[in-house]
């Protein structure tokens, strides 16, 4: 359980079983967990005195041993298209970004999992910031909590603005595994936000051992940040591919999807970069690569940021690529750029990373994870 500098337990990031354990640890009945969890997530409460069905003696006990603390809101911007972006400060001192995208009757919240990112994908502005820290479970779910309160949609399940959550913000979610899984469990819990497992999506650049582990502990939708149809190009665009090449990666994704059943499919994300990965031969390679993978493809025209070195393809090039994939038998959509006027579009999230020296440490951790997994498989 996460404790603050004051030694108090932050209840915001606790799952229902963890809350039950907490109440037992302070000599209370387990059913109190459900009462308090509803107050936190359905009503956005951060003051124990507001919990009217909790007795005064217990409220005083909670004040002494616990708190409800989300990230600090630094700023909120609203795009001309209705997209919202929150910049929030986490305990490390860094700022991360959360984006809400309204579209039709759906509202999707894009949530960050780390302050910065160690994977250094060449077309992503977050990776250029380096890596600072993993977010705690409270800091991950706290982004949902903050957004929900900002819309005034409490209780959370009445006229809810947030219908979908995607772990596609800053960071690689599978490198902050335990905290992200805890937060997603709260998202799906009826005592939390009651979001369907089909509407909670985790996006990964491809940490293969953790994809397999994810399938063992939770049932959420999976998205793969592919961005290249062959290993040579993907090694340049998504460096973690050197550790987990495409054959290994897609095998892991297929194993994950097969566990889910229910006609679930992998979402493949592909950022289109002018004259880099948008040519007809790339579409042909992609058709061959994904022919045995149940998937839908989401094409993302590159969203420029300073000094990236990349450009957005022309509309004709985007349509040509989409048409070729359609003819190859795939369900293909082109993501509409949203929120670019407030730097909230895909690939533009940067936040403010206070310590940019840890990228190499995170790569070492990835390598050690792969080596230990390989040793386990040999045994």
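Note: Cβ is positioned from N, Cα and C throughout, glycine not excepted.
Values in this document were obtained by computation on a predicted structure and should not be read as measured data.
Here is what Swiss-Prot says about this protein:
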type	residues	note
ACT_SITE	97	active site, proton acceptor
ACT_SITE	346	active site, S-methylcysteine intermediate
BINDING	117, 121, 124	[4Fe-4S] cluster binding site
BINDING	171, 172, 203, 225, 226, 227, 303	S-adenosyl-L-methionine binding site
DISULFID	110-346	disulfide bond
DOMAIN	103-343	domain 'Radical SAM core'
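Distribution of Swiss-Prot features across the structure.
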{"residue": "97", "record": "active site, proton acceptor", "DSSP (3 states)": "strand"}
{"residue": "110", "record": "disulfide bond", "DSSP (3 states)": "strand"}
{"residue": "117", "record": "[4Fe-4S] cluster binding site", "DSSP (3 states)": "coil"}
{"residue": "124", "record": "[4Fe-4S] cluster binding site", "DSSP (3 states)": "coil"}
{"residue": "171", "record": "S-adenosyl-L-methionine binding site", "DSSP (3 states)": "coil"}
{"residue": "203", "record": "S-adenosyl-L-methionine binding site", "DSSP (3 states)": "strand"}
{"residue": "226", "record": "S-adenosyl-L-methionine binding site", "DSSP (3 states)": "coil"}
{"residue": "303", "record": "S-adenosyl-L-methionine binding site", "DSSP (3 states)": "coil"}
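Ranking the recorded positions 110, 121, 124 by how many other Cβ atoms lie within 10 angstroms of each Cβ puts 121 at the bottom.
Taken together, the residues of the domain 'Radical SAM core' (103-343) have an average pLDDT of 92. Cβ neighbour count within 10 Å across all protein chains ranks 172 highest among the recorded positions 97, 172.
Rounded to a whole number, the distance between the Cα atoms of residue 117 ([4Fe-4S] cluster binding site) and residue 172 (S-adenosyl-L-methionine binding site) is 7 Å. Note on proximity: among 97, 110, 117, 121, 124, the recorded positions of the record, the Cα nearest residue 303 (S-adenosyl-L-methionine binding site) is that of 124. In sequence order, 121, 203, 204, 205, 206, 238, 269 are the residues of the chain that are 6 or more apart from residue 225 (S-adenosyl-L-methionine binding site) and have a CB within less than 8 Å of its CB. Sorting the binding-site residues 203, 303 by the number of other Cβ atoms within 10 Å puts 303 first. Across the annotated binding residues for S-adenosyl-L-methionine (171, 172, 203, 225, 226, 227, 303), the two most widely spaced Cα atoms sit 19 Å apart.
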